Amino acid sequence: MVKHQPLQVYERQLCLSCLTGIYGCRWQRYQRSHDDSTKWERLWFFILCAIFLLLLVWTYFWWATQNDYSELNWLLYNRSGEWTDGTVTIVAATATGFTYVTFLMILAVCHMPVGQQLHLYWLHKVMLTAVFLTTVVGFVYISGVWGDEWKTVLISLQVMGPILQLGALTVITLLAWVVAGQVARAESMNSQVALALTYLAVLLAIYLAPLSISSPCLKGRGNFTTRPAVLGRRGAPMLAPENTLMSFRKALEQKVSGLEADVAISLDGVPFLMRAGSLRRTTDVQKVFPKRQWEDPSSFRWAELSALNAGRWFVRDDPFWTVRSMTPQEISWAANQTLCSLAELLALVVQSNTSVLLRLQRPPPGHPRHLTWLNDTLQTVLRSGVLQKQVLWTPDWERDMVRRVASGLQQTSEEKLPVDALHERGLLRVYLRYDRLSATEIRELSSHNVSVTLFTVNVPWLYSALWCSGVSSVSSDAPHILKNVPSPIWLVSPDKYCLVWITSDLISFAIVITVFTFQRWRMSGMHRYNPEQIMLSAAVRRSSREVSLMKEKLIFAEIDNGMGATEGLSLYTENGYDCYTNEGVSR
């Protein structure tokens, strides 16, 4: 009597199928292989790692520079003459590319513990090449037009260094399982040594990274300085059209300690508030004076400037994505703003009893007020009734004359000068961009009773860093955001951080040693192979789909060749091969 033995139904491995399918389009079990990855696929794995690191730096760059997104948009506007929020497109593309590459990186790493051969699908290779070329072009372009922002990245690394080090330590420790498995599987001693030393070198670099970190937020509570005052730079330009009365009123609602404004001079000698070199961006000059839209704002009379709408652009363009959160009344108010004169701003300062920092713009040569513009502005300040101590005066032109006429003004320098030079000139305040001074220089100026005001500070991490550095005040486009920062985002004493650093390193080292030891013991008995296993694995080396089908054909061929009723067909491996078994069935 003949006994037939049915082949056991194959249990689908969904996770493994998705893993190899998404990464290499190997959805079927006969397409997968436990053979060693080819040199070409190993090369692509290293290319994937390199692109991942490149995207990691590129993504961090855009996170660190979010404080200055508006500066980039203005820079692009000055180059092209058309306003576009370029940062939205760049950040969205960066986030998409980084997510895609990170996903592929995770899939590739997951191939290693399950012993699957790396095989990157050709479409992924094309996409990776496109991502790489796009990122390189972005690096070159941004470094050319916005290269100063790399200083901001360096500042962020010092501030966020301790947090980044702990994150990197966690990731590299988790990778110990994968690396240890690869070391144990490596056939040659040279490969094992090279892989282990590379991993240990990276691990050691992360362990010792805190030696190069000098974050200003590593200080004790006893050395904690008072909260820096916040000046509304051009008012609150994220909440209302910049340099308008609405913008300054919105800033005062955020409890700012002072206001900052850019002052230009009209053709008939009226100081007014304007930032840009033309009126096209923030007014409807193209509609009212189409033939004069490219002219300098100081070439217009005040009556002509007063006829322009200075708020409709804000409602239309929504440059900071805040219009949608405004009430209908606020939108109507913003859409009907006009240019603000210096006299109107000073009247608001008197009413609110705040301070004001004035940045003056000299009219071009040939302007009727080219020689008297400074005196025109000074006289407007004196006639306003504002207390002189409430005005921070920044122009360096004719300071001696200004002191004689208005000795109570707070003379402020926009130059980076040594402490001795500042005292010699009678300057007790400096107003600089935030990346012009280091934490050490800030502390030195503060110790010599020189007040430091830095601009433009819009994000909590930068505000926290300057707070820890001892800055007395900052100028911000986002006072509504800084208002919600009651303390630095993190503040740790050096002794406590040293304890955390050493403890985390020791724990990580203990985990790594344990993992390497366990993986070596686990792999030591996994090198037994049977002929069927070798035959099936070797079939994958050929690219032909027809030859790949020989895996399953071989199984049925063995059955048809007259295996006994009690014989079992067992194709297995302790390393994770697919398993088929036959058990006797009597009839």
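Every residue gets a Cβ built from N, Cα and C, even glycine.
Predicted automatically and left uncurated, TrEMBL annotations should be read as such.
What TrEMBL records for this protein:
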type     : residues : note
DOMAIN   : 228-486  : domain 'GP-PDE'
TRANSMEM : 43-63    : transmembrane segment
TRANSMEM : 83-110   : transmembrane segment
TRANSMEM : 122-142  : transmembrane segment
TRANSMEM : 162-181  : transmembrane segment
TRANSMEM : 193-213  : transmembrane segment
TRANSMEM : 499-518  : transmembrane segment
Study note, to complete from the structure: Given the transmembrane segment (162-181), its same-chain partners at Cβ distance under 8 Å and 6+ residues beyond its ends are 109, 112-113, 195-196, 199, 202-203, 206-207, 209-210, 213, 215, 218, 490, 492, 497, 500-501, 504-505, 508, 511-512, 515-516, 518-520, 523
**Study point:** the domain 'GP-PDE' (228-486) [mean pLDDT, rounded to integer]
**Key:** 94
Revision key, fill the gap. Per the Cβ under 8 Å criterion, with at least 6 residues separating them from its ends, the transmembrane segment (193-213) contacts 158, 161-162, 165, 168-169, 172, 175-176, 179, 182-183, 186, 497, 501, 505, 508-509, 512
Study note, to complete from the structure: Long-range CB partners for the transmembrane segment (83-110) (under 8 A, at least six residues beyond its ends), listed in sequence order, are 19, 22-23, 45, 48-49, 51-52, 55-56, 58-59, 62, 69, 72-73, 76-77, 118, 120, 124, 127-128, 131, 134-135, 138, 175, 178, 281, 317, 319
Study note, to complete from the structure: Under 8 Å Cβ-Cβ from the transmembrane segment (122-142), and at least six residues away from its ends along the same chain, one finds 23, 25, 44, 47-48, 51, 54-55, 58, 61, 90, 93, 97, 100-101, 104, 149
